[in-house]
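**Q** As annotated by Swiss-Prot, domain 'ABC transporter 1' applies to 6-247. Taken from Swiss-Prot, the feature ATP 1 binding site applies to Gly40, Pro41, Ser42, Gly43, Ser44, Gly45, Lys46, Ser47. Taken from Swiss-Prot, the feature domain 'ABC transporter 2' applies to 301-535. Residues or ranges marked as ATP 2 binding site by Swiss-Prot on the basis of sequence analysis: Gly335, Lys336, Asn337, Gly338, Ala339, Gly340, Lys341, Ser342.
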Amino acid sequence: MKKPIITFNNFSFQYHSQSEPTLKGIQLTIYEGEKVLIVGPSGSGKSTLAQCINGLIPNIYEGEIQGTATVAGKNIQETSLFDLSFDVGTVLQDTDGQFIGLTVAEDIAFALENDAVEQAEMKKAVQKWSEIVELNQLLQHRPQDLSGGQKQRVSMAGVLINQSKILLFDEPLANLDPRAGQETMTLIDTIQQETKATVLIIEHRLEDVLCESVDRIIVMNEGTIISDTTPDELLRQDTLTQQGIREPLYVTAMKYAGIDLTQVSHLDKLAEVSGETVLPKMTQWSVQPSSVSAVKGAELLRLEQVSYQYDRHGEKVLDDFSVTIHHGEMISIVGKNGAGKSTLSKIICGFITPQSGKILWEGQDFSNYSIKERADKIGYVMQNPNQMISKKMIFEEVALGLVLRDVPQAEIEERVTNILHICGLYPFRNWPISALSFGQKKRVTIASILVLEPELLILDEPTAGQDFKHYTEMMTFLEELNRLGVTILMITHDMHLMLEYTTRALVVCDGRLLADATPVAVLTDEKLIQAASLKETSLFTFAKALGLENPLLFTEKFVAYDREVRFG
């Protein structure tokens with residue numbers, strides 16, 4: 001019989017700076033060797049629970065505690081952060097903030113250096129764990145020079161080398177491309193089988209986590225545990241949608257088809273879903289949708305054979321890249337990390353100049369436009385809003401671009417007020433920006449661009465790190481902007497966003513435009529998925545596993561029907 005390794009008994013925690021508890025009456029037992037997924041909307045208490053487990057609460061973040069919590073048999077109120085660190089290893093969402101060493105090898109060895117382990121033993125351990133996480137060929141590289149997935153593996157190895165009993169992963173998929181995310185979940189599964197450690201995963205992307213099995217899913221909201229059950233049982237219920245958490249798309253498809261999920265087996269295992277009514281009902285539902293071809297607007301932006309390299313003797317980051325963007329389109333730009341997506345946006349904005357090729361704006365040569373002149377036509381919103389914000393107050397921040405352009409004060413007041421209404425920020429117009437959530441700050445940065453009345457808006461990962469509720473709010477807001485005539489390009493790793501909200505996808509790979517097609521066509525093309533480090537949509541995988549006659553048409557049907565359900 002497995003022993004408890006983490007227990008919370010009627011546990012509540014309230015930060016000193018807050019008027020109400022963040023965790024309320026938590027009753028929870030996690031056993032040795034379990035793999036547990038913790039999900040919930042932003043502010044649900046997930047991170048606070050994790051900080052109680054790894055000792056940051058109460059050692060770093062102080063507050064009032066009621067009840068008891070023990071980790072590896074130690075009361076967290078009586079145990080130092082140092083002592084708990086031997087039992088709990090944490091891999092942070094921001095891996096750059098976790099690096100210590102100048103090389104991968106040094107970073108992995110850091111914990112052993114602190115423990116004064118003999119060098120021969122240390123080298124042996126570094127070699128062992130670097131092989132497990134497939135970094136043994138990169139030991140002399142700087143961690144900062146690696147891809148997002150490789151950086152995460154460095155952090156994993158640095159934690160694993162300490163042989164902690166409990167491994168805590170904080171949003172391990174947040175900054176990874178789809179294939180790297182899938183590889184990360186497989187690696188976590190391999191590590192758990194190898195070490196028999198207890199694994200806790202905090203993550204928004206439920207469907208992506210379930211590509212490997214988990215023992216339990218804990219659903220949190222408003223500081224309490226709403227549900228604690230197996231994945232199979234949870235997916236039969238409406239708990240996820242009630243709590244504003246995205247359920248797997250194939251589960252939504254079965255609901256649309258009127259399938260009784262209580263009669264479905266292996267609901268948490270995509271390739272093994274079965275039930276007497278599943279195939280006939282899905283077949284009946286998946287008739288080809290009647291679709292009206294969208295009429296393209298006039299040409300807005302055209303790139304002709306554009307090439308760029310950062311180093312004169314280095315590889316081309318963009319190579320003979322050609323594409324045409326039309327007025328009113330909403331397009332996703334996808335591809336693995338380092339594919340050239342960000343370079344493409346920098347060239348369009350004029351931050352860097354290509355060595356060859358043409359850029360045309362409404363048929364006119366764009367190369368002679370200054371950055372300021374381009375900024376009047378193109379808005380660029382960075383992934384992290386904190387890197388764009390200059391002022392303390394919302395109204396001042398949104399007005400800044402107009403002030404710098406010497407726009408008359410009366411016109412500034414009128415335009416800023418109008419944009420704040422459009423962005424849903426008017427009630428907060430006199431608030432300090434520091435009081436806003438991450439998603440609200442993102443809206444402020446978008447508002448500060450929109451007030452300049454650009455025709456094209458480029459967003460880098462517009463929904464990164466947001467729960468499903470805030471994700472939906474952001475994407476609904478962007479759709480409304482698109483309906484107002486703003487052309488939108490989104491750089492994203494989120495295949496759901498690409499599938500559900502855009503009608504065209506540009507796939508970038510090694511600096512080239514690998515494909516320009518509908519999102520459904522992209523995410524059902526096996527060769528394209530492999531080449532660009534994408535991930536086949538679960539809808540297509542589900543349809544193939546069921547044996548539906550035309551999985552592609554089924555996927556198209558779902559996307560069209562789902563849009564109709566959500567937007568009418």
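Cβ atoms are placed via backbone N, Cα and C, with glycine included.
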**Q** To the nearest Å, how far is the Cα of Ser342 (ATP 2 binding site) from the Cα of Ser42 (ATP 1 binding site)?
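**A** It is 28 Å, counting Cα to Cα.
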**Q** How many whole Å apart are the CA atoms of Gly340 (ATP 2 binding site) and Gly40 (ATP 1 binding site)?
**A** 33
**Q** Please list, in sequence order, the residues in the chain of Asn337 (ATP 2 binding site) that are at least six apart in sequence and whose C-beta is under 8 Å away from its C-beta.
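**A** Once residues fewer than 6 apart are set aside, Asn337 (ATP 2 binding site) is near Ser147, Gly148, Gly149, Leu176, Asp177, Ala180.
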**Q** Pick the one among the binding-site residues Gly45, Gly335 whose Cβ has the fewest other Cβ atoms within 10 Å in this structure.
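**A** Candidates: the binding-site residues Gly45, Gly335. Fewest Cβ atoms within 10 Å: Gly45.
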**Q** For ATP 1, what surrounds Gly40, Pro41, Ser42, Gly43, Ser44, Gly45, Lys46, Ser47 with a Cβ no more than 8 Å from their Cβ centroid?
**A** Met220, Asn221, Asp467
**Q** Quick one: give me the count of other CB atoms within 10 A of the CB of Lys336 (ATP 2 binding site).
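**A** A count of 23.
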**Q** Starting from each candidate's C-beta and looking 10 angstroms out, tell me which of the binding-site residues Gly40, Gly340 has the most other C-beta atoms.
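**A** Per the Cβ count within 10 Å, the most buried is Gly40.
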**Q** According to DSSP, collapsed to three classes, what secondary structure does Ala339 (ATP 2 binding site) have?
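**A** Once the DSSP labels are grouped into three classes, Ala339 (ATP 2 binding site) ends up as coil.
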**Q** Please name the residue among the binding-site residues Ser42, Ser44, Ser47, Ser342 whose C-beta has the most neighbouring C-beta atoms within 10 angstroms.
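**A** Output for this query is Ser44.
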**Q** Ranked by the number of other Cβ atoms within 10 Å of their own Cβ, which of the binding-site residues Pro41, Gly43, Gly338 ranks first?
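**A** For the binding-site residues Pro41, Gly43, Gly338, the Cβ with the most other Cβ atoms within 10 Å is Pro41.
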**Q** Checking your reading of the structure: which of the binding-site residues Gly335, Lys336, Gly338, Ala339, Lys341 lie inside a 10 Å Cα sphere centred on Ser44 (ATP 1 binding site)?
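**A** Neighbours among binding-site residues: none.
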**Q** State the Cα to Cα distance, in Å, between Ser47 (ATP 1 binding site) and Lys336 (ATP 2 binding site), rounded to an integer.
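**A** Roughly 28 Å, rounded to the nearest whole number.
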**Q** Quick one: average pLDDT across the domain 'ABC transporter 2' (301-535), no decimals.
**A** 90
**Q** Starting from the Cβ centroid of Gly335, Lys336, Asn337, Gly338, Ala339, Gly340, Lys341, Ser342, which together make up the recorded ATP 2 site, report each further residue of the same chain whose Cβ lies within 8 Å of that point, ordered by sequence.
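**A** For the ATP 2 site, the extra neighbours are Asp177, Val508, Cys509.
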**Q** Cα within 10 Å of Gly40 (ATP 1 binding site) is the criterion; apply it to the binding-site residues Gly335, Lys336, Gly338, Ala339, Lys341 and give the hits in sequence order.
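**A** Cα filter at 10 Å returns nothing.
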**Q** Could you tally the C-beta atoms, other than its own, that fall within 10 angstroms of the C-beta of Ala339 (ATP 2 binding site)?
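**A** By my count, 24.
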